[in-house]
Structure formats: structure tokens, C-alpha cells
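In what follows, a single structure is set out as C-alpha cells and then discussed.
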Amino acid sequence: MGSNLSPQLCLMPFILGLLSGGVTTTPLSLARSQGSCSLEGIEIKGGSFRLLQDGQALEYVCPSGFYPYPVQTRTCRSTGSWSTLQTQDQKTVKKAECRAIHCPRPHDFENGEYWPRSPYYNVSDEISFHCYDGYTLRGSANRTCQVNGRWSGQTAICDNGAGYCSNPGIPIGTRKVGSQYRLEDSVTYHCSRGLTLRGSQRRTCQEGGSWSGTEPSCQDSFMYDTPQEVAEAFLSSLTETIEGVDAEDGHGPGEQQKRKIVLDPSGSMNIYLVLDGSDSIGAGNFTGAKKCLVNLIEKVASYGVKPRYGLVTYATYPKIWVKVSEPDSSNADWVTKQLNEINYEDHKLKSGTNTKKALQAVYSMMSWPDDIPPEGWNRTRHVIILMTDGLHNMGGDPITVIDEIRDLLYIGKDRKNPREDYLDVYVFGVGPLVNQVNINALASKKDNEQHVFKVKDMENLEDVFFQMIDESQSLSLCGMVWEHRKGTDYHKQPWQAKISVTRPSKGHESCMGAVVSEYFVLTAAHCFTVDDKEHSIKVSVGGKKQDLEIEEVLFHPNYNINGKKEAGIPEFYDYDVALIKLKNKLNYRQTIRPICLPCTEGTTRALRLPPTTTCQQQKEELLPAQDIKALFVSEEEKKLTRKEVYIKNGDKKGSCERDAQYAPGYDKVKDISEVVTPRFLCTGGVSPYADPNTCRGDSGGPLIVHKRSRFIQVGVISWGVVDVCKNQKRQKQVPAHARDFHINLFQVLPWLKQKLQDEDLGFL
């Protein structure tokens, strides 16, 4: 800060197994055969290739809007030659090439017409559907050919309502056999040669008018699900399961409850995480899978969901790291620690791919001893999330274990109560070597839900988990951010507010603040004077240029910057906090979200503490008597940047506070407690690390503790000893006595509670 002491102005049971292709990107110009096959003559016209599995396979890569013809992948055979380039009708091709992606035409469309008709459709082409008289259109009347070779929208269906079940439709690219829709009637679907059917090949009309299974589609080898498609479909299905548990616990499945469910001690969810550690995955993908799972565990926990976890890795044999029966299996932090300690090398000596054995390990955790079911067994919902390429090479067909699990859970045995809601098997295929037939066979088939996905690589899979988790119903939860690499500054600091005060003939002052509710921004009192008018105060949030209208500024009643002038202290910053009340309610979005405040119910949930947690216990958790890692957010070159600091709250606290005497105007203060009251937190200095310092424009911003993937504000930036940002540039070399002082929010809680009493924050 300035040398004249001017003030400173950031669930349910899952089984997750991973088998991937072990991708190594290999630029064409640098390619070297790592296997026994030569790379000579394998180029693709208009594209490139990359080696997989240490040179034992390769993938052809084409620009967006194109696909590799006639195949996407080739394998190195034992004879030392690459697999033949063959078309879908078994014709041999001399050289691979990149061809433009087309969308398939409708083979059949019942009870209506579509236009225009063409043998194929180019990207961006549109088709329209309409029904004959007496039939009603369901689905999308207009559909567009997308760059991934799929049609936008939903299957168009013309139905007259005459059947017991509605017409299940004919997805574009498929053929349907069967046109009777009476109870127990069935229809079957088929794909053209070379395409793979995803979903249910056979569907049966069931009691209640619903169809068994899920809508099929025909997939080409080059087709991948986008991260957005996967996230939306998976989250939609996942929410159905959570809502079902919520309803059984006696709660209505309200919109705000979908991600706030805390399961009772008997537990109605288990999560089994199963990772493949075989040769086919590769060390890099194994690490990426762990990262995805850690993120999933953290985020599920951050919503207040406390399922029990099982953790298994496998190759030739499975290894159980965490059992759902263990006392700590519902402790997300403990499970994450166990996951992080697993190494890819743990299965190095036995590196086959035995998916069946892995699922049997899960079955063993689901089952009960002596064949006597425990009380409440039939209320536990099971979800299996399996990430695999479907290329199991030993142990037999894993689908038999899925059948055994269904039998154990009494699923599909009673026509009137099939209990399908109690088991969901999601299968994620990762990479180009995915066997689409095998992964489709393992996945659940449920009406209007998707359980099988194919993503291009581990990077796309990480995108899925980011997009899947940050859905709109969580926007009101405090201290949550979107940490994705594509996120903007305000995705990563959605609480941050910029404040500007314009004073005629005196210029303007810039400060920061934090969104704490839909109507209030918390900042520093010294950013304003009693003469400032509401219209002269500008507040912006979410990175938007449009300023918010101000209703009033509320100062802490004990704040008085001139309170000790008679004692020779020119500026006194005790109780330096203020609340800006907005005229209009904020609409939360990913770039505008509240930060957590101490001693609120939201912070109790964020810290995963028991509901009975007291304010004192929160304080002990957030501000223990030691050096505390914290952060603040500063603007540098028009970008928001997090600065990591340490709050000196242990043996370094005294020396940190004594350095206040180096501030201009405080050099003659005999008792430093006259200016550094118990309401201040101190950062800065060079021990235990050299802390960055705040600048003038950082005043009023939040001092934050980042814990358990949530951000909790513990202080408000107030003043500093040294102006480290002279001439609008942060100095790299600063003295050891460069300290910053922040108002401790735990010390002003009565005022916060009074002013924010109508904001539904649940102060303790």
C-alpha cells in the first residue's frame, strides 16, 4: 500500500473402471516405429496419424469435419505388417484418406414425410419432418447435420395414440422391425453394415405404457460424444437416481435439493470406483483417470452428498483399496487420499485386462454373508460407472457379472416391480480403440436415458466431469467455482466485485468487494466517505461492463478513520467493513456466485462438518493457531490473479503485527495494539514464504481460505505497511516488513448477522 498509509484498493453407488487405448501422440514428421511394424507407406491423405500402445496400433487423425477412410485405426500384426485397409463391404483400399463427414439419411419414416430427400447430407444441411392427417409429431420437426456426423435434436415420430405404448420411432440411420404397440409387443432395430448399434436392439411394450430399454442409434467408428453431450445426458440420468433416493428419505425432489442430499447413517448409496491398471491404459491415462475421480469425489462431497465408496484397481487381478463396509468409506477426504496413493506400477507384473474379475470384486462388496440380506438392503441404489475400451483379454465376458449383480439385487424379476431404478451401469469408452459392441452390452438400457458414452481422449473426459458437475441447480451454493481451463477470470472468481467511486474535482477511487448474497457486496468502509452519493458509486460483477444500481452503503457503526487523530494516529482502520446493498437482485450464473461467510450453514456444509457445528468450531477449522494458507485476488493487466499468502496466526503473529510501526504515520506509536486491534489478521513478510502484497486497488477484496474445494472469506483487505505497487506496477523486491492487514470477519459477525438477516444465509 501507499507510503502515506493510504489504504489498499480472489451420491450414489458408482463403479468406475478405466481401460483406455494408451495414446501417444506422434507427429508424422517425427514418427518412429516403436513396435515391429514399419511406418513406411502408412500415411493418410489430408491428415496425420498417431501411435497407440507403444507402436502396436495407430490412429488416423483428420481435420474437423472430416473422417479417416476406410478405417480409423490399424493394428500391428504378428507378421510385422499393419492390418489391411478395408471398407465396410470388405473391399481393399491402397491408401487411407480424409473424407468429408456426412450424416445418414432416414431409412424409414412412418406416417409422415421428410424433406429434402438425399442419399446423404453434408454438415449444416437441414431436414424437416411433418405428419399425415390424424398423426401428431413428437420430437424435433427440424434437424441439422452436425460436424460429428450426428443429427441435432430428437427423433421425429408421428403417432396417432392408438397403441397401448406410444410409437417408439425410428432413429435416423436405423431400421425397425415391428409395427404393433400392444402390451408385451416387441420391436427390433438394425444398423447398416459397418455401423454399430448403441442402445437397445429389442424393446418391449411394458405395463404403464413405457418401452423397455433405451432408444438405439447407429454409430460409425469415427463418431464421438462431445463433452457437453456426455455431461448433459449423464447428469440428467444421475439426477433421476438422486431424486429417487431423496424421495425415499421423505423429501420432495425439489430443484434445490438435487445436489444437497445428506444420506442417513444407514446409507442408501454406495460408490464403487474401479480403475484399470493394465498395459492398455498407459501411465498417463491412469493418472488422468485418477484426476477425474478425485474431482468427482470432491465435487460430490461439496454438494453435501455422503455416499459410501469402494475403490478397486485391476489388471490381471483386482486389488481392493477401500471397502464400502469400512468406517471411513463415506469420508471423501480419506477416500481421496487413498486414491492419490495408488500407483500405476502396482499392477505392473500382472498387466492383463480382466474386467470380469474387477466386477466380481464389486459384486463381493455388494453381497452379504450367509445369503441373509441385511435390513434395508432393497433401499440401496447402485450405480456402476465403468470407463473402458471394452477390450478385455482374459477372464471371460464381464456381462455375466452384471447379470449376477442384477440377480442379487432382485432386478427385472417382478414385472410389476422390476426395481430397475436400483442399478445403473454407465460405461465410458475412452479413445479410438473402443469396442462399441462390448461397452454397449455392459451399459444399462433405460427409457429416455443414455448410459453408454464414447469420448475421444482423457482431455475430453476431464471436460465431461467439469461440465457434468457445475449444473445450474448448484449456483446458489457458496464458494464454488468453475476451475476448467476454458473458464474466464470470473468463472474462477465468481464472487469478485469491482467498485469505483467518483468524486467531483477529486478523481475516483477503486476498490474490490465480494458477493455474499443476492443483494449484498461486502467491502471495506474506507473506500467511501460520508459525502459519497449512491449514484457516484459503481459496482460491477461477473466481468460485465454494466454497473449495478446502489440502494445504500452500510458502514460498521464502530468504524471511524479519524477516531484517534488526537492521539497522533492519522488514520485508524478498526472495523473497516461495509456492505453495499443493491437495488436489484443478482441473477446467479457461473460467473456470478456468492462466497462463503464464516458461521453460516452454507460454510458448515462446505467444510463437510456435522450440522451441529458451532461458530467456534468453524473458527478452529478455518483459523487455527498456526500459519494459515490463504489467498486474495488482485487485478494485473486487466486480469484477475490469485495471490497465495499466509495468515500469521501462530508464533509469527506478534512479529507480523509489530511491523505495522514501519507504516507512515505509525512510527511514533508506542503500543502497536493502538493501531493493530484484535480485529485484524496479518499477512506478508518472508516467512514461512515470501508473501505477495496487496495493492491500492485491492482494498475491500476478500481474504480467502480455500478448503475442500470451496472458498470461504475470512477477512476484508484493509491496509498495508508498504506501497509495493508504485507507478501502477507491482515491485518484485520488497522489504521483509511489508505487511498487510485485514479485518477478521469472525470479529464483526454480530453486525454481519444483523445486516444480512433477511438473506437466508443461516447464521449460526
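Keep in mind that glycine also has a Cβ here, set from the backbone N, Cα and C atoms.
Among Cys682, Cys725, the cysteine that Swiss-Prot records as disulfide-bonded to Cys695 is Cys725. Disulfide connectivity taken from Swiss-Prot links Cys103 to one of Cys62, Cys145, Cys158, Cys165, namely Cys145. Here Cys76 is paired by Swiss-Prot through a disulfide bond, and of Cys37, Cys62, Cys98 its partner is Cys37. Per Swiss-Prot, the disulphide partner of Cys158 among Cys131, Cys191 is Cys131. A straight line from the CA of Asn142 (N-linked glycosylation site) to the CA of Asn122 (N-linked glycosylation site) spans 15 Å.
Between the CA atoms of Asn122 (N-linked glycosylation site) and Asn285 (N-linked glycosylation site) there is a gap of 34 Å. For the recorded positions Ser278, Asn285, Thr353, Asn378, His526, a Cα-Cα cutoff of 10 angstroms around Asp576 (active site, charge relay system) retains His526. Of the candidate recorded positions, Ser278, Thr353, His526, Ser699, the one lying closest to Asn285 (N-linked glycosylation site) when CA atoms are compared is Ser278. Ranking the recorded positions Asn285, Asn378, Asp576, Ser699 by how many other Cβ atoms lie within 10 angstroms of each Cβ puts Asn378 at the bottom. Cβ packing within 10 Å was compared across the recorded positions Asn142, Ser278, Thr353, and the lowest neighbour count falls to Asn142. Asn142 (N-linked glycosylation site) falls within a strand when secondary structure is assigned with DSSP.
With the fewest other Cβ atoms inside 10 Å of its Cβ, the least crowded of the recorded positions Asn122, His526 in this structure is Asn122.
Counting residues per DSSP class in helix, strand and coil order gives 0 helix, 25 strand, 35 coil for the domain 'Sushi 2' (101-160). Proximity note: of the listed recorded positions (Ser278, Thr353, Asn378), none has a CA within 10 Å of the CA of Ser699 (active site, charge relay system).
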